[in-house]
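So that you can see what the record holds, here are the features copied from Swiss-Prot:
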type	residues	note
BINDING	10, 11, 12, 13, 14, 15, 126, 209	ATP binding site
REGION	30-59	region 'NMP'
BINDING	31, 36, 57, 58, 59, 84, 85, 86, 87, 91, 161, 173	AMP binding site
REGION	125-164	region 'LID'
């Protein structure tokens with residue numbers, strides 16, 4: 001089973017991706033990790049990518065796409081879940097063409113829907129427990145709202161990450177994601193159009209639901 005997943009920062013995309021990975025024993029492939037793997041491993045593609053990164057430039061698609069494709073091809077027998085790529089319409093088309101050329105099927109495309117303001121509030125509402133950062137606490141999500149200023153799981157003190165409170169940085173990330181002309185949503189809609197032609201399946205999920213309700217809906221549609 002091969003899957004692409006889309007969702008804005010704050011939508012729970014990483015959480016749902018991890019649940020799907022565990023359920024179907026998929027390789028969970030994150031675009032940033034691909035760069036780190038190639039650069040750290042000193043591959044030819046990694047060396048080329050590093051030159052651009054060191055100059056502060058975007059790595060061109062003719063380097064990025066082969067990196068992604070190589071990782072997908074080596075993902076293992078159960079398939080993969082790709083997170084964080086593509087990020088625009090051009091990349092979506094190039095990735096699709098590359099998958100077709102390699103005979104790799106794209107079974108599902110998942111989009112987690114969440115209003116921009118809700119996504120921003122969720123990011124700014126995240127709180128970290130001093131005892132365990134994996135303890136879920138968010139002042140804007142009722143199911144995991146902390147008890148005052150202490151962790152809802154263990155009672156430890158809470159803090160907020162500085163970048164989670166930077167509205168400007170959050171806005172820039174969301175500007176890219178919610179752009180339906182040449183941003184990440186444009187990439188998602190490219191696959192939505194393909195699904196309308198019957199060449200893949202497109203799943204839309206209401207990101208305002210609980211983690212469990214979203215998971216249950218998703219797994220039913222993947223079954």
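One-based numbering along the chain as shown.
Every residue gets a Cβ built from N, Cα and C, even glycine.
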Neighbour count check, CB within 10 A, over binding-site residues 13, 87, 161; minimum at 161
Using DSSP, would you call residue 14 (ATP binding site) helix, strand or coil? helix
Sequence gap of 6 or more, Cβ distance under 8 Å: name the residues on the same chain that satisfy this around residue 15 (ATP binding site), in order along the sequence. 211
Go through the chain and flag residues at least 6 beyond the ends of the region 'NMP' (30-59) whose CB is under 8 A from any CB in it; none is fine as an answer. 66-68, 70-71, 82-85
Other C-beta atoms within 10 angstroms of the C-beta of residue 85 (AMP binding site) total 21
Between residue 57 (AMP binding site) and residue 10 (ATP binding site), the C-alpha gap once rounded to whole angstrom: 26
Do any residues of this chain, six or more beyond the ends of the region 'LID' (125-164), have a C-beta under 8 angstroms from a C-beta of it, and if so which? 170, 210-211
Longest CA-CA distance among 10, 11, 12, 13, 14, 15, 126, 209, per record bound to ATP, angstrom: 17
Taking DSSP states H, G and I as helix and E and B as strand, how many residues of the region 'NMP' (30-59) are helix, strand and coil? 22 helix, 1 strand, 7 coil
Do you know offhand how many angstrom separate residue 14 (ATP binding site) and residue 31 (AMP binding site) by C-alpha? 13
